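According to Swiss-Prot, the feature Zn(2+) 1 binding site maps to Cys60, Cys62, Cys75, Cys78. As annotated by Swiss-Prot, Mg(2+) binding site applies to Asp449, Asp451, Asp453, with the evidence given as sequence analysis. Swiss-Prot lists Cys790, Cys864, Cys871, Cys874 with the feature Zn(2+) 2 binding site, giving sequence analysis as the kind of evidence.
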Amino acid sequence: MFELNNFESIKIALASPEKIRQWSRGEVKKPETINYRTLKPEKDGLFCERIFGPQKDWECHCGKYRRVRYKGVVCDRCGVEVTKSKVRRERMGHIELAAPMSHIWYFKGIPSRMGLLLDMSPRSLEKILYFASYVVVDPGETGLNEKQLLTEKEYRTALEKYGYTFTVGMGAEAVKTLLQNIDLEQQSKDLRAELKDSTGQKKVRTIRRLEVVEAFKKSGNKPEWMILDAIPVIPPDLRPMVQLDGGRFATSDLNDLYRRVINRNNRLKRLLELGAPDIIVRNEKRMLQEAVDALIDNGRRGRPVTGPGNRPLKSLSDMLKGKQGRFRQNLLGKRVDYSGRSVIVVGPELKFYQCGLPKKMALELFKPFVMDKLVKEGYAHNIKSAKSIVEKVKPEVWDVLEDVIKSHPVLLNRAPTLHRLGIQAFEPILVEGKAIKLHPLVCTAYNADFDGDQMAVHVPLSVEAQAEARFLMLSVNNILAPKDGSPITTPSQDMVLGCYYLTIEAQDGAKGTGMVFKDFNELLLAYYNKSVHLHALVKLKVTLEDGRSSLVESTVGRFIFNENIPQDLGFVDRKENPFALEVDFLADKKSLGKIIDKCFRKHGNTETAELLDYIKALGFKYSTLGGITVAVDDMSVPEEKKVFIAEAEAKVDKYEKAYRRGLISDEERYEKVIETWTETTDKVTDALMGGLDRLNNIYIMAHSGARGSKNQIRQLAGMRGLMANASGKTVEIPVKSNFREGLSVLEYFTSSHGARKGLADTAIRTAESGYLTRRLVDVSQDVIVREIDCGTEDTTEIYAIKEGNEVIEEIYDRIVGRYTIDPILNPETGEVIVEADSMIQEDEAETIVALGIEKIRIRTVLNCKTNHGVCSKCYGRNLATGKEVNIGEAVGIIAAQSIGEPGTQLTMRTFHTGGVAGADITQGLPRVEELFEARKPKGLAVITEVSGRVEIDETGKRKEVNVIPEEGETQTYVIPYGSRLKVKQGQMLEAGDPLTQGFINPHDIVRVNGVKGVQEYIVKEVQRVYRLQGVDVNDKHIEVIVRQMLSKVKVEDPGDTDLLPGGYEDVLTFNECNKDAIDKGLRPAVAKRVLLGITKASLATDSFLSAASFQETTRVLTEAAIKGKEDHLIGLKENVILGKLIPAGTGMKKYRNIAVEKIED
């Protein structure tokens, strides 16, 4: 049985005229739509019921047959079949053209496919198609050439000279004849022969032509099908016409475009019947050709056809293109039922896995379930009466709703959903009011706050969906962030403040210091009765499970904090001190993160969720009791500030004078002034921070990590310091005041530049970052974990990433959770630290770092041999769970989200380095984009292509660097004026090392250092940008993207294979192709690995559905149709578009093909 959704692949090809007529249910002959009086469709018109089906269910046009019992009857009066009106969404019609017309996609696309096949320029083709020139179709015995263009005058001359011995033509008919005359087999042979001798531009064109010829040859498409004899008319319900109030009609633009085609076609038919003069017929044909072009792709050639108000009409192509097109609007982004949205408010009383759902909303969302339960429990006899009970909201409805909701998770989503934690599942609790209640600890993942944010609720309906929501999406199962494996549910703000206040070090002379308590309850009693202060150092008798007991000394607050915290997290060595408190230190934000991390690794998510709720409750309670607040008096301006500023002003004065006397340049003066003020600001800040009391409220807030930073305290009570102007250059007049003293008018003005730039930057950044994420997702969406082990022997050497002496990423972060191939040994004793083929755990990684091992070989995604995905050994640990990654995990999407989500935090800045040449150093988001798009960077560095010793030769202003290898020729590099050298005389260099400062062009690295070099470079450079902004992203995410950028080879010599020279092929496909050739004893193809930017890589994917829904929709579809491409639905996007389950996670074939067998008891 053929199920609508049960297919393996989808194919696209050119439609032959026969095929178009076969699809059609009838010919549309009239341009009429509906009768303005009866409002019924006109016969043979664009909405004809005889062609497209009835407008009302089970009712023919004239009303002779009504009701279901006549199903399938064709009315003898009006010819309409009695059936469901739904068929008007699927039945097509057609228009028989009076003359063939060209399809604009194949004539006008770049490169013009018709032009390549006929070996004519698009300009000549345009002249023929739009009746400006004649073309010789058959030269006969004359001296003319086939496909030669003749003007009217030349044609007359030729006629006089040769008579009617030759044939010329005009318009699409002539082109059709030429296309029919093509012998593809012969042309393919000729072109391949031509390729061997041609070079340069000629070779490029030959390759392009060969590509098109091969495409037609292989796909079974015929070239003449690029010319239309009949035009399909899409179903009327996809181009509706609706009546507005006031009797006017709103119609889809397509109806206008079809109407123009039909009108002109009918006029042409009439002219031909009348035998009108050639020139009139030609003009009509040209107009028809233009109407057909506008229908298919309005605005592609000439001025677009406009509707009322000069708005270009939306053609068939526009229906597919862009964000509002069919692909992105309706196929990839559908709206769903059983969903609601509302404002969110904080729910500190909720458990970690709960959310509050407003009663009214819950009733509406769970209506079908409630109705079902009402019938089952006997409150109603049938669904109809149950519905009325729900609509009247009788009291029993609420009891039933409580029951229904109990174990039914709902999904909460906050837009923008930047990573997978933007949708999580919760168990709903009914609340009064109209707002959704959200647990405060999941706010970080959603990036939510309570200043009016809204969230959407979705109800998983099927049992499977509920199970997936509960086991995979429940907030308890999403404690770790997928981007770096750190807990994302760390307490923030008030909670941190409370825990910090609770665990402050013992205060001398606090009430009750030195008291001893026999158990925790006694201590609590004393605290509640105010006999002992929270920060008093006291002793408490601690009894272990085995009965041993001892007195432990700490503060009251720390005893309270530790009461419900597991005492085996590993902060204390229990062999040495079995009694000490686990958390006997200041619990600031970082420490709380560590506590949660250790708890998760030791006890798993359920216990961690309980711990989180405990910390949340404590934090809120004690930040309230502590009453930590901010008053003006907390900001004490340091006494020394005046002195520092006076000193600085004197220095600046000195520099000014030196500049006036010509001792230093303006450039130097500027540098020195900036330096002086920066120093002064730091001095004032240090004095301020030193003078703050450890119990000062502002200090507590900043130091605990709850809110604010040293930088902000400096602005409040120190000095604001230097400001940047709009172009990012530092203004040399500093803001000497702080907010406590107040700014002068000039200072306020100076500060306003930066503030405005900050806001503008944020807006641009959000859009840029969103687009980057979209491209990343597109390039990596089909990377799925396909198998356990691909069996590769290849490894990558890993070491800490350094920039000069500064470590950007530690080796620890790079190796933890990765697999080894060979065992890792202790260099001193030779004992095995990590076994061969096993995952490096935290403690093992710590040992490796402690032993000072600097380089380690591990398996990475870059070496994986799995086709269309990766294997779990090469990928290593799934950061979101802390365990080995499962088969079916969509690691490509996770990688894209992990890189894209922090994108908004990166800056847009380009730093301006001083100096004559003032090279801009691209940083932040633009730099990441430059790397992933594999663009040639701004501020290029010169690199050496050989390894050897450096000799610098300076003659006048010209600098030359000679690199002398051990053997072979010396390479000389001319250093561009204004570049800064990075190498010293006599230094030894490796091939690919930069000679000057700046960025290296990644394509050069591929050439000099090969694939491994460029992989390492991109990972290193992307990490540099993210780490400098304080964002941690794991290497493996970047590696997944880099792997996709390097997944293609460019064929240089096809050998005896079917590959086309200059074509892009998948590395693994190419290797298989060659293996087959070698097995058959043929000559294998030669190709080189290419680095493609992410946009290019997405468009080069094998799946045309994925590429078409990404960008350049018409170009992708044109190419796919000519090649007769088949999409095997390997990636996620293709399956979403076709409404199938995605082949990842639980939707994988491996998990779907499970039959349930009942075993007899």
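The backbone N, Cα and C atoms fix where each Cβ goes, glycine too.
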| query | Which is it, of Asp449, Asp451: the one of these binding-site residues whose Cβ has the most other Cβ atoms within 10 Å? | reply | Asp449
| remark: Near Zn(2+) 2: residues not in Cys790, Cys864, Cys871, Cys874 with Cβ within 8 Å of the site Cβ centroid are Glu787, Asp789, Thr792, Arg859, Val861, Asn863, Lys865, Thr866, Val870, Ser872, Lys873, Tyr875
| said: Same chain only, sequence gap of 6 or more: which residues have a CB within under 8 Å of the CB of Cys871 (Zn(2+) 2 binding site)? | reply: Val785, Arg786, Glu787, Ile788, Asp789, Cys790, Cys864, Lys865
| remark: Candidates Cys60, Cys62, Cys790, Cys864, Cys874 (binding-site residues); min other-Cβ count within 10 Å returns Cys62
| request: Write out, in the order they occur in the sequence, the residues of the chain not among Asp449, Asp451, Asp453 that have a C-beta within 8 Å of the mean position of the C-beta atoms of the recorded Mg(2+) site. | output: Ile344, Ala448, Phe450, Gly452
| note | Excluding its own, the Cβ atoms lying within 10 Å of the Cβ of Cys78 (Zn(2+) 1 binding site) add up to 16
| said: Can you give me the residues near the recorded Zn(2+) 1 site, meaning same chain, not Cys60, Cys62, Cys75, Cys78 themselves, Cβ no more than 8 Å from the center of the site's Cβ atoms? | reply: His61, Gly63, Lys64, Tyr65, Asp76, Arg77, Gly79, Val80
| request: With Cys75 (Zn(2+) 1 binding site) as the reference Cα, tell me which of the binding-site residues Asp451, Asp453, Cys874 is the closest one. | output: Asp453
| said: Nearest by CA distance to Cys60 (Zn(2+) 1 binding site): which of the binding-site residues is it, out of Asp449, Asp453, Cys874? | reply: Asp453
| task | Would you count the other C-beta atoms found within 10 angstroms of the C-beta of Cys75 (Zn(2+) 1 binding site) for me? | result | 20
| request: Tally every other Cβ atom lying within 10 Å of the Cβ atom of Asp453 (Mg(2+) binding site). | output: 17
| remark: Here the binding-site residues are Asp449, Asp451, Asp453, Cys874, and the Cα closest to that of Cys62 (Zn(2+) 1 binding site) is found at Asp453
| task | According to DSSP, folded down to helix, strand and coil, what is Cys871 (Zn(2+) 2 binding site)? | result | strand
| message | Helix, strand or coil by DSSP: which one applies to Cys62 (Zn(2+) 1 binding site)? | response | coil
